[in-house]
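The structure appears right after this line, and notes come after that.
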Amino acid sequence: MSDLKTRFLEVYSVLKSELLNDPAFEFTDDSRQWVERMLDYNVPGGKLNRGLSVIDSYKLLKEGKELSDDEIFLSSALGWCIEWLQAYFLVLDDIMDSSHTRRGQPCWFRLPKVGMIAVNDGILLRNHIPRILKKHFRQKPYYVDLLDLFNEVEFQTASGQMIDLITTLVGEKDLSKYSLPIHRRIVQYKTAYYSFYLPVACALLMSGEDLEKHTNVKDILIEMGTYFQVQDDYLDCFGAPEVIGKIGTDIEDFKCSWLVVKALELSNEEQKKFLHENYGKDDPASVAKVKELYNTLKLQDVFAEYESKSYDKLIKFIEAHPSQAVQAVLKSFLGKIYKRQK
């Protein structure tokens with residue numbers, strides 16, 4: 001494990017301990033144990049990409065200067081705030097989607113003693129973020145900007161989730177509602193803001209930058225987040241479950257996935273009818289038929305072409321940015337996700 005990742009995980013223990021001894025609430029042994037178990041189960045279990053990228057980005061913005069212990073701690077704390085936000089979304093998301101597994105283990109709400117208590121746990125996870133920010137950033141000149149940033153990104157993500165849910169669930173299953181612009185809107189709000197823009201925005205604020213002056217950085221990161229989600233949609237169907245850590249269910253769940261949107265675009269009338277009949281059905285035979293159609297339409301090749309075009313376009317945007325340090329941050333992000341398998 002890299003030294004920074006080790007330091008990052010140490011900061012998790014510090015933050016957890018502070019939250020379990022928060023003076024605003026008198027914990028009993030039971031409640032403290034519950035929160036600790038809930039945190040350990042839901043917060044540090046993923047790849048930690050979003051959290052670690054705050055430190056990476058901050059380091060690159062400092063252009064190779066050695067970071068002080070304080071800078072490592074603070075950038076890690078912001079990284080963990082994003083991981084907390086992610087945990088809060090995922091715990092509630094899994095309930096809404098009736099998912100079974102997450103990160104290779106049963107979803108939190110599926111555990112026998114948890115069930116719907118998970119809803120309140122999600123709310124607690126969300127409430128931990130301002131506690132962490134208050135404790136460690138209250139005296140910083142960018143404190144209010146940080147609070148604004150987290151609030152705004154949370155609002156954008158929840159609104160993206162809403163478009164996703166109402167497009168997917170409300171009324172009759174109607175594939176004709178699905179198109180690239182709808183897919184793009186969902187992805188932009190539901191994933192790109194918190195996964196791509198938020199970590200870099202945190203690093204920029206810590207470096208004393210004004211976010212208003214970096215709207216082009218936001219645009220590039222949202223574009224990158226869109227590309228990331230298209231990869232995710234692709235891997236949901238074509239990735240190996242043991243590699244991606246979950247069993248893909250986008251077809252059964254009638255998700256507005258890039259694959260189905262592309263399939264609709266490329267299908268003839270007969271194939272469209274076939275999709276309408278089989279997409280969103282929970283039986284393995286229908287899922288297999290949809291996958292077969294995806295193969296007939298050569299969606300793996302279509303994706304490979306999309307991937308290389310997106311990469312070239314992003315590199316062009318990034319290299320037009322005036323700051324070398326910001327370019328380095330953006331290229332580092334792109335390098336982490338290009339051609340990923342999980």
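Glycine residues also receive a Cβ, built from the backbone N, Cα and C atoms like all the rest.
The isopentenyl diphosphate binding site feature in Swiss-Prot is assigned to K47, R50, Q86, R103; the stated evidence is similarity to another entry. Cβ environment of R50 (isopentenyl diphosphate binding site): G79, I82, E83, Q86, Y194, S195, L198, P199 lie under 8 Å away, each six or more residues apart in the same chain.
The Mg(2+) 2 binding site feature in Swiss-Prot is assigned to D93, D97. For D97 (Mg(2+) 2 binding site), the Cβ neighbour count at a 10 Å cut-off comes to 16, with all displayed protein chains included.
Among the features that Swiss-Prot reports, Mg(2+) 1 binding site is placed at D93, D97, with the record citing similarity to another entry. Of all Cβ atoms in the protein chains displayed, 18 besides its own lie within 10 Å of the Cβ of D93 (Mg(2+) 2 binding site). Taken residue by residue with DSSP, D93 (Mg(2+) 2 binding site) is part of a helix.
Residues or ranges marked as dimethylallyl diphosphate binding site by Swiss-Prot on the basis of similarity to another entry: R102, K190, T191, Q229, K246, K255. In sequence order, S99, T101, R102, R103, G104 are the residues near K246 (dimethylallyl diphosphate binding site), counting only same-chain partners six or more apart with C-beta under 8 A. In this structure, K246 (dimethylallyl diphosphate binding site) belongs to neither helix nor strand by DSSP; it is coil.
In this structure the residues listed as binding dimethylallyl diphosphate are R102, K190, T191, Q229, K246, K255; their two most distant Cα atoms lie 19 Å apart. Counting Cβ atoms from all protein chains shown, R102 (dimethylallyl diphosphate binding site) has 21 others lying within 10 Å of its own Cβ. Other residues of the chain with a Cβ within 8 Å of the Cβ centroid of K47, R50, Q86, R103, the isopentenyl diphosphate site, are G45, G46, L48, N49, G51, E83.
Of the candidate binding-site residues, K47, D93, D97, the one lying closest to K190 (dimethylallyl diphosphate binding site) when CA atoms are compared is D93. Among the binding-site residues listed here, namely K47, T191, Q229, K255, K255 has its C-alpha nearest to that of D97 (Mg(2+) 2 binding site). Cα of K47 (isopentenyl diphosphate binding site) to Cα of T191 (dimethylallyl diphosphate binding site): a span of 16 Å.
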